[in-house]
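A short worksheet on the structure shown next.
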Amino acid sequence: MEEIYAKFVSQKISKTRWRPVPSGSLQTAETFATGSWDNEENYISLWSIGDLGNLDSDGGFEGDHQLLCGTRHYGDVMDLQFFDQERIVAASSTGCVTIFLHHPNNQTLSASQQWTTAHHHTGPGSSSYSSAPCTGVVCSSPEIVTVGEDGRINLFRVDHKEAVRTIDNADSSTLHAVTFLRTPEILTVNSIGQLKIWDFRQQGNEPSQIFSLTGDRVPLHCVDRHPNQQHVVATGGQDGMLSIWDVRQGTMPVSLLKAHEAEMWEVHFHPSNPDHLFTCSEDGSLWHWDASTDVSEKSSLFHQGGRNSTILSHSISNQANVHQSLISSWLSTDPAKDRIEITSLLPNRTLSVNSLDVLGPCLVCGTDAEAIYVTRQLFS
């Protein structure tokens, strides 16, 4: 069992993201970016994971994550995405969206492009103006899509000064997160429990589909889609529940899984092993969900001697007459497979775990306890 290594960085970490590995490359993730929030000065930083494995004075494992470079960021970092190997897109609580360029020769980060008023509130019938936080960003070169508290959706292109497309009143509530369903369609989640699909090929300002949680309109905070089966979507919200949706059918989630005790801040399918899913929460926990078919046979990661593992069964809509191997394990109704194993990855509960990212065998997360945790052996 590989340990998870902590490094204390004297900043509350709001976002963590692995730098993508070049396609076709065999190298593993080595560099990640972080953004901070709720500090007197906030920063975007790049780190190298270095050699993990120093014992600290408490007998725990201290990570040797090396700070490569950092730069000041105005406002809280609300979201962070790598555009490519060199460029990082940051969303700010000031409503600004900035592309930072990494210069590996002298290890510096500099702002290369900025849309300062990407998100803003406009006073009714007047020219009054106030900024609105940009809450989410997603990239698919050459395009960048942003969403915000103002209910606005922007489509930007790198090297274009103005937005290519703006849907001004896309939502009457706060948009919390965005991801691509398939170019040119995006998924958004909002503060009244709705998941919406938008198609940039359509000229209007209306979503092409609306899905919603029934009942209490619990705010949804995060969304991710299955990397191979794009109709399978996971969301997490204020009640800590994990919702799995099949956007080909119905308007409600196909399964609701009881999860964290407080807000779920992020959900991520593993990009190359999507039977595995990861979530983090305000309650200080970081969970690995394993829906692969051989749950009983596998050695689970960071099993903590089984103490933190629970197995949930869930019943979801019938998917009859579809070849079993083509059904995502997240939608499967085979009773033998109707089990998901959950493992807690952090040794102790901490303050809020705000962000996580997974790439290959590597995981990184950031917390309000001013710590970054890294492991390189997810599936050992």
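Each residue, glycine too, has its Cβ placed from N, Cα and C.
Here the repeat 'WD' (213-255) has long-range neighbours at 174, 176-182, 187-195, 197, 261-269, 271-272, 274, 277, 279, 281, 283, 289, 314-317, 328, 330-331, meaning same-chain residues at least 6 beyond its ends whose C-beta is under 8 angstroms from one of its own. Sequence annotations record features per position, and here TrEMBL assigns repeat 'WD' to 213-255 (among others).
Under 8 Å from some Cβ of the repeat 'WD' (257-299) lie the Cβ atoms of residues 221-229, 234-238, 240-244, 311-312, 314, 328-330, 332, 337, 339-346, 349-360, 363, 365, 367, 373, 378-380, all in the same chain and six or more residues away from its ends. The repeat 'WD' annotation in TrEMBL covers 257-299 (among others).
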Predicted model, mean pLDDT over the repeat 'WD' (257-299): 87
Composition by DSSP (helix, strand, coil) of residues within the repeat 'WD' (257-299): 0 helix, 18 strand, 25 coil
Residue distribution over DSSP helix, strand and coil in the repeat 'WD' (213-255): 0 helix, 18 strand, 25 coil
